[in-house]
């Protein structure tokens, strides 16, 4: 039996450069992980079935689930002769811009590597995982990274300066595909400061880092769901140092240097948002 944690991610930056011939967008973004986890247990089966056990009415337990796809790909690629039971304890909000599904898949790749004693490197797992999802290679490592290409080309960075992270997920779900479809790059004038953010992280400069956060998709998702702007404003009024949407949304995160600031933000959000988490960066 193998246990794996699957941490959520947040985007410190996210820029979309152009739409590629393969239909994906070329991106440049800095992501890190936070200590909000799904937890997976993996056990060998005597038969050849993949059984995904999960008690969540909105999360599928078949090939529509990335963790299931990861198990399927590992069994096929490495000619594994038996099946696997994966028990998934879900904590990360779904369709939230926190890569919960991708992180579950990454944990499945890592877990099956251990369970079946394949001795594959993280680099090999990351390359394999890119076949089923663009964020999964990042989640394989779980380290702060500058991500390019579809998101699968990684350059690892140091852990960001220490701070508190407040996550607020409104009672809506967002389709990443829908957000990208609505993105008009000809109208995208905001400068996303990836290089400045990177340098701030490398220097351990918190104040410079928060000045350089940015998300190209934020205005698109806010137009669809104004509650995101309301959450950002609530966080800032309550004392957050910065507030930003993660990924394609709808989760908004705030950063706070001090614990009392973070607690003030959490208290301010309680009246308007059911899913609020106060966490730390792992990266």
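Note that the numbers count up from 1, one per residue, in the order the chain is shown.
Every residue gets a Cβ built from N, Cα and C, even glycine.
Annotated features, as they stand in Swiss-Prot:
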- 9: active site (ACT_SITE)
- 135: active site (ACT_SITE)
- 93, 94, 95, 96, 97, 98, 99, 100, 101, 102, 103: ATP binding site (BINDING)
Output field, ATP shell: CB within 8 Å of site CB centroid, site 93, 94, 95, 96, 97, 98, 99, 100, 101, 102, 103 dropped: 8, 92, 247
Cβ atoms near residue 135 (active site) (within 10 Å, other residues, all chains): 25
Cβ contacts of residue 9 (active site) (under 8 Å, same chain, 6 or more positions away): 31, 32, 33, 34, 98, 99, 102, 103, 135, 138, 139, 246, 247
Candidate with the highest Cβ count within 10 Å, taken from the binding-site residues 93, 97, 101: 97
Residue 103 (ATP binding site), number of other Cβ atoms within 10 Å: 30
Other CB atoms, at most 10 A from the CB of residue 99 (ATP binding site): 29
